[in-house]
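Novice: Questions regarding the structure given below will be posed in turn.
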Amino acid sequence: MLLLWALPLLLGAVAGLEVCYERLGCFGNRIPWSGGTLERPFSTLPSTPKIVNTRFLLYTNENPNNFQEISADASTIRGSNFRTDRKTRFIIHGFTDKGEENWLSNLCENLFQVETVNCICVDWKGGSRTTYPQATQNIRIVGAEVAYLVGTLQSSLGYSPSNIHVIGHSLGAHAAGEVGRRTNGTIGRITGLDPAEPYFQGTPEIVRLDPSDAQFVDVIHTDAAPMVPNLGFGMSQTVGHLDFFPNGGKEMPGCQKNVLSQIVDINGVWEGTRDFVACNHLRSYKYYADSIVNPNGFAGFSCASYTAFSANKCFPCSNGCPQMGHYADRFSRKTDGVGQTFYLNTGDSSNFARWRYQVAVTLSGRRVTGHVLVSLYGSKGNSKQYEIFTGLLKPGDTHLNEFDSDVDVGDVQKVKFVWYNNVINPTLPKVGASQITVEQNDGRVFKFCSTDTVREDILLTLTPC
């Protein structure tokens, strides 16, 4: 894949100025679309619609496993399981990918678990499996084809564009932007999954995804390190109303595995090889798929930077936490501005959802050197132990920390405290927690108290004060 991204820097060539197609209109290769700028040094026209061969693969709750191919011919839509009383979600893949790749249909399957929906996977492998600069031009054809289908839905079936959500990964995110531009921002929502950076970062809004392309635009950035020298394929530039940078947006947990373990992936050699080449870049659609079935597991925190977030300076959410992914549109202030930036942490495997808690522990008992851990027990489940503090344990001192649990414990009902010496202590001191306060990201606070102290490695249970 890296070769395909880099090769165009040597192979760009000057083409004609404009080409027109009856259904889709005209496409030129002048600035800002192509040639003459630092971001787009080569002049290239899109491939023909026949070569790009945009296809629409419809999955619904009635046919979740086998697609029905539809087109902008209204008769194919009426003869399918498409229903006008449902939302429609388009999914557009990126460079070198295809619409029949498992991740697109898997995303549809997750959607069917939580809603009744028309899920349309857009295949444009005829235009994506070429040199990278050519593919960046071919997304204009893809966007035009999707927009034409949206127009058919509106004119022939009375279907409102506001009921349409376009989800695009990599180059597909900018194809989604082209859909929005051609439909004058009437699309209900566009989600950009790590929008591609080369040939798009720093370009005018007309070329790339931007907030004016839909009534609401949300973006997940997972590979935002610079293309040179870090080989980051995704944009660092904010291009939505809400821009989420999980784990800081550059290096995703689980993407640092050794080469062999990553290629021989649990999902097979093909998926493992894809992960090895572009693990961070692919995480965006995996996070989105996981967010569908974890409605509150991807809370984003408004913060000046990921460094500030990691330093526990952004908790709780004073104006509420938007959820990264599928439920981002439930955030009441989603369109209060553009480029609203949010940070969060995720897991490193298939269960990416995390629930962040802030815990304050007030110590009692002896003065010793050691470290303190707590675990939460709640109405939905129990967390593992998380370290709150290490150092001098002094009675009366309060230590505060935040952690990301892989379990949503629900309403916290009790807390278990344990401590350990940092050095061997023959005096067998006892330490306790007179009070532990647990705060959730929505601002709810739970307080627990105890008058007991315990020796190291002995659990102390605190109950509500």
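Quick reminder: no glycine exception, Cβ is built from N, Cα and C everywhere.
Sharing the record's features from Swiss-Prot:
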ACT_SITE  S170  active site, nucleophile
ACT_SITE  D194  active site, charge relay system
ACT_SITE  H281  active site, charge relay system
BINDING   E205, R208, D210, D213  Ca(2+) binding site
DISULFID  C20-C26  disulfide bond
DISULFID  C108-C119  disulfide bond
DISULFID  C255-C279  disulfide bond
DISULFID  C303-C314  disulfide bond
DISULFID  C317-C321  disulfide bond
DISULFID  C449-C465  disulfide bond
DOMAIN    355-465  domain 'PLAT'
SIGNAL    1-16  signal peptide
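So that I understand the layout, could you describe where these features sit and how close they are to other parts?
Specialist: Secondary structure at S170 (active site, nucleophile), taken from DSSP and collapsed to helix, strand or coil, is coil. Long-range Cβ proximity for S170 (active site, nucleophile), meaning a same-chain Cβ under 8 A and a gap of 6 or more residues, is found for H93, G94, F95, D97, L193, D194, P195, A196, F233, G234, H281.
Other Cβ atoms within 10 Å of the Cβ of D194 (active site, charge relay system), summed over all protein chains shown, number 30.
Taking the Cβ of H281 (active site, charge relay system) as centre and 10 Å as the limit, one finds 28 other Cβ atoms among all the protein chains shown.
Around D213 (Ca(2+) binding site), a 10 Å sphere centred on its CB holds 29 further CB atoms from the protein chains shown. When secondary structure is read from DSSP and collapsed to three states, D213 (Ca(2+) binding site) falls in the helix class.
In three-state terms derived from DSSP, C26 (disulfide bond) belongs to an extended strand segment. Long-range C-beta contacts of C26 (disulfide bond), restricted to its own chain and to partners at least six residues apart, with a cutoff below 8 Å, comprise E18, V19, C20.
Cβ contacts within 10 Å of C108 (disulfide bond), excluding its own Cβ and spanning all protein chains shown: 26.
Following the DSSP three-state reduction, the secondary structure of C255 (disulfide bond) is coil.
Mapped onto three states, the DSSP output places C303 (disulfide bond) in coil. Note: C303 (disulfide bond) has non-local neighbours F309, K313, C314, T341, F342, Y343, i.e. same-chain residues 6+ apart with C-beta under 8 A of its own C-beta.
In the shown protein chains, 19 other C-beta atoms lie within 10 A of the C-beta of C317 (disulfide bond).
Proximity of C465 (disulfide bond) to non-local residues of its own chain (separation of 6 or more, Cβ distance below 8 Å) is seen for Q435, K447, F448, C449, given in sequence order. DSSP assigns C465 (disulfide bond) to coil in the three-state reduction, outside any helix or strand.
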Novice: Would you identify the secondary structure of C317 (disulfide bond) according to DSSP, in three states?
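Specialist: DSSP call for C317 (disulfide bond): coil, neither helix nor strand.
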Novice: Under DSSP, is R208 (Ca(2+) binding site) helix, strand or coil?
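Specialist: For R208 (Ca(2+) binding site) - judged by DSSP and reduced to three states - the answer is coil.
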Novice: Rounded to the nearest angstrom, how far is the Cα of C119 (disulfide bond) from the Cα of E205 (Ca(2+) binding site)?
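Specialist: With the alpha carbons as reference points, the distance is 27 Å.
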Novice: Just the number: how many Å between the Cα atoms of D213 (Ca(2+) binding site) and C255 (disulfide bond)?
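Specialist: Distance (Cα to Cα, whole Å): 32 Å.
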Novice: With the Ca(2+) site defined by E205, R208, D210, D213, which remaining residues of that chain have Cβ atoms positioned within 8 Å of the Cβ centroid?
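Specialist: For the Ca(2+) site, the extra neighbours are G177, G180, R181, I206, V207, L209, P211, S212, V239.
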Novice: Look up C20 (disulfide bond) in the DSSP assignment and reduce it to helix, strand or coil.
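Specialist: Where C20 (disulfide bond) sits, the three-state DSSP reduction gives strand.
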Novice: Between the disulfide-bonded residues C20, C119, C279, C314, C321, whose Cβ has more other Cβ atoms within 10 Å than any of the rest?
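Specialist: When each Cβ's neighbours within 10 Å are tallied, C119 leads.
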